[in-house]
Amino acid sequence: LLLLLEATLLRLASGFHRPFYNGFYYNHLMNDKGNGQEEVDYFNGAKLVVETSKDPVYSSNGANVTLPCHYHYEPDMEAKPKIRIKWSKLRDDYTKEQDVLVAIGKTYMAFGDFQGRAHLRQVSRREASLVISDVRLQDDGKYRCEVIDGLEDESDVVDLQLQGIVFPYQPPRGQYRLNFHEAEQVCQEQGAILATFNQLFQAWSEGLDWCNAGWLADGTVQYPIRLPRKPCGGLHLAPGIRSYGPRHRHLHRFDAFCFSSGLRGEVFYLDHLAGMTLEEAKQSCQDAGAEIARVGQLYSAWKFLGLDRCNAGWLADGSVRYPITKPRANCGPPEPGVRSFGFPSKGRFGVFCYKER
């Protein structure tokens, strides 16, 4: 009992030498002298505030973009020279992060696909903006700017949206032949990536109506309906995005919704009087210093460059299509769009070529 009482008194006595909480922040840190003594890191009670853009930041494929981020203290104070800044890319559901860049002072390191493309812009006081060069399709999404000052750790999120177009895609084999991984592959082959739900929703709001279900980037299967009809979920449902929810990525098979953004080059049309076979079309593009265009490139040229051609042409996947900006007689339906002749095994057509600037 005496020993227990003595130990309790010693603990209480040692507590008198510790700082007490008085509305300011402090942290006990073990020193590096190896003697077990503690040092105290005091803070002055100022609140760290991190702010990014409340509106989305828009960009396009191949461009450079700056994601703004600034921080300050309330009340104002001088920041420490060793502030740590971290940028991460978030999933749509915020459940996982991808490291983009970490910086301390003027030293920084970028990770993964962002190596060589990401750095900080710190041209003004307390700025932590992220610069991404040569923007890629997969860069679209939400980014977290996190500022760490000792125990203080605050962050905010900014949304990077690529200006692009969503298009449905079926392979030559026909409808509902793609599992998730095959859908990813065919979109990449067409100069695109699998669309996100947000991208599909934006396309629906702009008029996309498609009754075939397709994979999205999160592994769900959905399709956009503007005009309810019996084969597309029924007449009783309101317009919107129909969802099958998450599907088995290996076993289940659907079409794909692909997303393509702006072009770094141009799409142009070539033709011969007698038309061309697919192989002849590929060679004609090569002779012109170009390559046969992909489906995503044709859609992007139609939407962003106003490509309008009432002549059918081969594309790299073996399909024959043509883009119409101004609908007119003998050029298909009365709405703008990219018309498709499917994947003809025979026939002679012109060709759409793509050339980098």
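Every residue gets a Cβ built from N, Cα and C, even glycine.
Automated prediction, rather than curation, is the source of TrEMBL annotations.
Predicted, not measured: the structure shown is a model, and the values here were computed from it.
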Exercise for the section: For the disulfide involving Cys331, grab the partner from Cys310, Cys353 as TrEMBL records it. Expected result: Cys310
Exercise for the section: Taking Cys211 as one end of a disulfide recorded in TrEMBL, give the other end from among Cys187, Cys232. Expected result: Cys232
Handout entry: Euclidean distance between Cα atoms of Cys211 (disulfide bond) and Cys331 (disulfide bond), Å
Key = 23
Handout entry: Cys310 (disulfide bond) versus Cys232 (disulfide bond) - Cα distance in angstrom
Key = 30
Handout entry: Cys310 (disulfide bond) and Cys211 (disulfide bond), distance between Cα atoms, whole Å
Key = 25
Problem - pLDDT averaged over every residue in the domain 'Link' (165-260) - result: 96
Fill in the blank from the handout: What DSSP reports for the domain 'Ig-like' (46-158) is 6 helix, 62 strand, 45 coil
